[in-house]
Every structure is written in structure tokens, then in C-alpha cells.
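Sequence annotations record features per position, and here TrEMBL assigns domain 'ABC transmembrane type-1' to A:65-253. The transmembrane segment annotation in TrEMBL covers A:9-34, A:69-91, A:103-124, A:136-157, A:178-202, A:235-257.
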Amino acid sequence: MIGSRSKTIVIWTFVAIALILLSAPTIVVLGASFTAGNMITFPPQGLSVKWYGAILGASDLRQAFIRSLIVSAICTVVSIPVGTLAGIALAKYKVRFEKAIQIYLLLPFTIPLIGSGIGMMLVFGNMGVLGQLWPVGIACCVINLPFMIWAVTASASNLNEDLELAAANCGAPPLQRFLYITLPAVLPGVITGSLLMFILALNEFLVSLLLVDARSVTLPVQIYNSIRSIITPDLAAISVVFIVCAGIAITLLDRLVGLDIFLKSK
Amino acid sequence: MNLSNGARESAAAQAAVSVKNVSMRYDDFYAVRDASFDVPKGKFLTILGPSGSGKTTLLRLIAGFGKPTSGEIFIGGQPVSAVPPHKRVIGMVFQKLALFPHMTAAQNVAFPLKMRRHDARTIADQVERYLELVKLGGFGSRRIHEMSGGQQQRVAIARALVFEPDLLLLDEPLAALDVKLREEMQLEFRRIQKELGVTTINVTHDQREAMVVSDEVIVMNDGLIQQRANPVTAYRTPQNAFVANFIGVTNFLEGPATSVSGNEVAFRCAGHELSGISVGSGPEIKAGMSCSGAIRAEQIRVAAAPEKLADLTFRFTGEIIDAIFEGERMVYEVNVAELGGVSFRVFDHDPIGHTQFLPGERVLVGWNPKDMHVFGNNHSPN
Ligand SMILES: Nc1ncnc2c1ncn2[C@@H]1O[C@H](COP(=O)(O)OP(=O)(O)O)[C@@H](O)[C@H]1O
Ligand SMILES: [Mg+2]
């Protein structure tokens, strides 16, 4: 038997190692972005914010970033109604083909993205819409939708079915029951799912790579293109901007619904 | 024929609710079988039965959450099977309350009015009035999870009543409360119901609650209505062994009927002939039929000396098996060897003499034939 004291020490050691491993890349990038030198190095050589000035001035990076935001917005806006309705339906009703749907919900972890990416490249290519931004948004929505559905079903399964009956008993017709009772009950899940969808689309690299051309490069692809030429600290700075975006999303989530819900959603 | 039909229909029109031959089947299982009853306007009716007896099913059919497999329900004289729940003007308090968790107490109470498109002024006034009625004035801005069980209960009542429905349905809303609060809320229900005069159907498995709050009681078991009577009648003259056993604490003696004359039966138990016993209001008993004699725990007296039981017709010796002190009374378990070793539950109120028997003591138990009821044994008690 291990004493509870030494057990605590072991557990905390593991936690510390995990935290270091998880945060090390972020810290390295953060440090490198403030370098005064012209090389990406850690620890940084001197401190300056000149690389942040540089990315502000770099119109290609800025435009790629704006394109990424548009893609994320499209992805999120499409996923909200689809994911919410699908999530509620899955939680509330005995749906046919439940097995098939469960397998679909596992897809993001099983199918290599390159596979779905190529599939969508063919579809959108045939439609002749490659090079526009909305196909990228739709593609991100399709591959990440299971996350949205999960978030919604997790809060919908807390929905006591008597609540809708009670609303009916109070005189609410079906649409009002949905709007006033069902929707607010799953709202935390919808918020969680939306932020998740937004961040995932903002970060999506592989599928974007397959679907963009020179006119519609998104930020992750733009960064990738730059790495292939020369690695300068402005890439570290733009990575920090990314991290800040994710940080804002997490903070919003915590403020709006609390992180415990986010972590609980299966 | 025509005339009597017409008379019946007008009686149904006066009833606030009228349930006619309603059955509800799930697959091949009947949750409710051929239930028929009326609830007169302004009355408080309780459906009493053990868990699984079909009470909730029946109540939900009245509320409109599902259609009966057969039969028809009339509300205010109109058949309602084609009326969806939100168009039936019925208030309901759910077993688990089903308050809307994302709304405040006042928003919960306002919801039925909002759905009925009352103007903001009326809603505010009415909500305040009903929160006042359930003694929650000033609590309107509380969130549901910030309220105690009893307060949530009151919010649910206010929500069910605020739109002044013709009918109030209560599905065991007190089951989750502790005893003291439950008893307080029972009286509260009674007070509010009297004050508003709203026809009420209450569902419970708690026989005490049924006695305390109701004008009328319907006892249900296995989806079948066993008896419909006012509380006193249901208690004093149960219709069958199930009712006798379910309401109150009842002892049963088994044996064949030896003679039947008018309203009196004699039956034999362990070689003793017990005669002059009233026939229960159930099915007819014939000589030779196996039957159960039921006698309430509080109608049996226990004493050490025979003189003390001189006024009782039946007297048997027994031995105290267990003695439980319940404050205002003693509860004895008495083994009566003379009657084949049956165990009797006896309530003994002796607030003056404080007699107390101990396990192992030999005692006499006695009762009068008029307090006993005999039922033919189609199904056994317990
Ligand atoms: N939706 C349903 N499907 C199948 N059986 C049901 C359903 N609802 C209730 N039952 C069954 O009907 C019987 C009566 O249930 P209920 O009306 O809830 O009883 P009570 O409220 O008296 O406890 C129970 O045996 C229950 O299992
Ligand atoms: Mg029930």
C-alpha cells in the first residue's frame, strides 16, 4: 500500500509533467514572438513587439486571417440549426438507424481527414465552386458537426420530458414549447458546440489546404506556405494571435455556460 | 329509455369531469381497465392506489398527454379526445413538479398567462395575486434552484392555478416532501381548493392524505377501480379485501362461510364460529364460500382481565409478540393461538391508565361483530 501522502506526491508530479508538456509549445511560441532578433529562437534575443507590428502590416496574413474568420463564421452559422435539431432529435426520440448515427458521431476520430478532404474536393470541384470561401466553411461544418451534436445531446439528455408536457399543460402549442422550453434547456450545449465549431474551423488546416486556391488561402494554410520559405518570428506572432482567439473563446464559454458543462459533454 | 339517457347526459354535463369506460393499453398490458367515474363541479377527488396501479396514466389521459385505447373523457360535458393538451384548460402539478429551471418563480407562474396572450399589466397583477395565495409574496424573483422543496411546491401550485382553470390535477406532488411539510401542504391544498372552488383530482398512494384532503376517494389497484366513496365510507365500509387492507391497518381471518342471512354472515375460523358479522359491500357471499373477515387494528381491544372486555362479543386469548411505543398509542402484535396462530396488529390508546404489555405476556383480545367485514375470497388480501 502506498501512503496517501506519497500517493499525493505521485499524482501531483504527473499533473505537473502533463501541464509542462501541454504548455511548453505555447510558452516557446509566446517567447519567440517577442524576440528582437530576426530568427525564431527560444529563449528570445531581447524583447520587442516589432513582429506584431510586422504581421499588422502584412496584408497577406491579415487577409488570410479575415478569410479564416469568415470560414469559421459560415461553419458556425450552418452548424447551429443543423446540429441543434439533430442533437435534440437524437436525445429525445427513438431514432431509426441509431447504430449508424452513433458510428457517424465517431467519424472525426476514425476517418483520416485527408480522406474526407479529398471527397469534398471532388464534390466541390465538380460543382465548380473551389476557390470560394463558403465551400471551406461547409466542409469544416461537415467534418466537425459531430462535436456540435454531442454538445447538444449532452444538455438535451438533462431535459426532463415532463417539462414539455408541463408547458403544453400551461397552454403552449408545439412551436412555443420548443422555443420557450426545449431550446433554453439545450442552450448551454448550443453555445458550447458553436464555440467549439468556430475554433475548430479557425484551426482547420488539412481540409482547407485541399479546398483553397491562391485567392482563398486561410490562415493556417498561409502559415504553412510561409514555413516552407523562411521561418521568421512573425509566424510565432501570428500563432500567438491564434492562441489568443482560442483563449477568448474559452473565456466566453466559461462566462456563458461554465467550463464544467464543456468538459462534461460527452 | 330515451328519457333516462337524457337524464344521464345532463348529469354528465354537470360533472366537471366525466370518465367513461376508459382503458389504456401498452402493448398487451392494461395500465387502466374500463374506468368510469364523474367528478362533480368544485369537488376534491383523490385517486388512491399503490404504485403501478395506473393513477398517473389515468391523470395524464385527462390532461391530454395521450389518447385512451378505448372510452371517452368529458370535460365540462364535452368529449375531449380530439382536444390537444394545450387547448384543455387544465392546471396540473406534476409528481416531479416540472418547473422551468431557466425561469424565476414569477416567470414560471406567468408562463400560462403569457401563452394565453394576456397583457403585461394583467399578468403582473395575476402573478402577484397567486404568489400571495400560495404565501410566496416577495419570492417572485427567486430562481427555482434557490428555493426549498416546499417553496417549489407552492410555485408549481401557483403556476397550475394562475390561469384559473376549470380543473386542477395533482400527481403525487407531495410524495417527495418530509412528513411534517407534507401534512402542512395537504392542508394548504385543501385551503386553496376551498378558497377557489376549483374541481380537483389528486393522485396519491398515501391513504392518510386521501382521507385528509378529499371529498371523495377512488381506490385503484391493477388498473381497476376498486371503490368510489367518501373517505368515511371507504374507511368504515370497504368494498373488498383490497380496500380494507390498503386503507388503514387491517387484520384478516380466513375461513368458510357457514350461514348467510340478510346482511349478516357467520364464518368459521379454527373451529370457532364467528357470527353476526356484517357483509362487506362487495360481491355476494354464499354459504360454503371461502372468505376473509377483516377487523381494523383500532377496533380490537386488548386486556389482561376478561372483565375489561365484557362488552365485546368475540374474545380470544393470545400472547404479545411485539410491543411498539408510538407516543400517543401502543402498537401490539398479538399471536392468537385460539384462532390457529394468526398474528393480530392492535392499536391501544390508553392516555389515562398508560397500560403497557410486554412481549411474552398473555392477554385477551376482543372485538364486536358489527366492526368486522366479511369478503368473499376471489383474491387474497396482502
Ligand atoms: N409509457 C408506458 N409504456 C408502458 N407501460 C407503461 C407506460 N406508462 C406506464 N406504464 C405501466 O402502467 C402501469 C401503471 O403506471 P402508472 O400509471 O404510472 O402507475 P401509478 O402512477 O399508479 O404508479 C405500470 O405498470 C407502468 O409500468
Ligand atoms: Mg404515478
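Placed from the backbone N, Cα and C atoms, the Cβ positions cover glycine too.
Caution: TrEMBL annotation is automatic and unverified by curators.
A quick note: this is a predicted structure, and the numbers were derived from the prediction, not measured.
Highest Cβ contact count with the transmembrane segment (A:178-202) among the listed stretches A:9-34, A:69-91, A:103-124, A:235-257 falls to A:69-91 (criterion: pairs under 8 Å). Here the transmembrane segment (A:235-257) does not touch the transmembrane segment (A:69-91). Their Cβ atoms form fewer than 3 pairs under 8 Å, with each pair 6 or more residues apart. Within the chain carrying the transmembrane segment (A:136-157), a Cβ under 8 angstroms from the stretch's Cβ atoms is held by residues 70-76, 78-80, 82-84, 86-88, 90-92, 104-108, 113, 116-117, 120, 124, 182, 185-190, 192-194, 196-197, 200-201, 204, 207-208, 211-212, 216, 218, 261-262, 264-266, all 6 or more beyond its ends.
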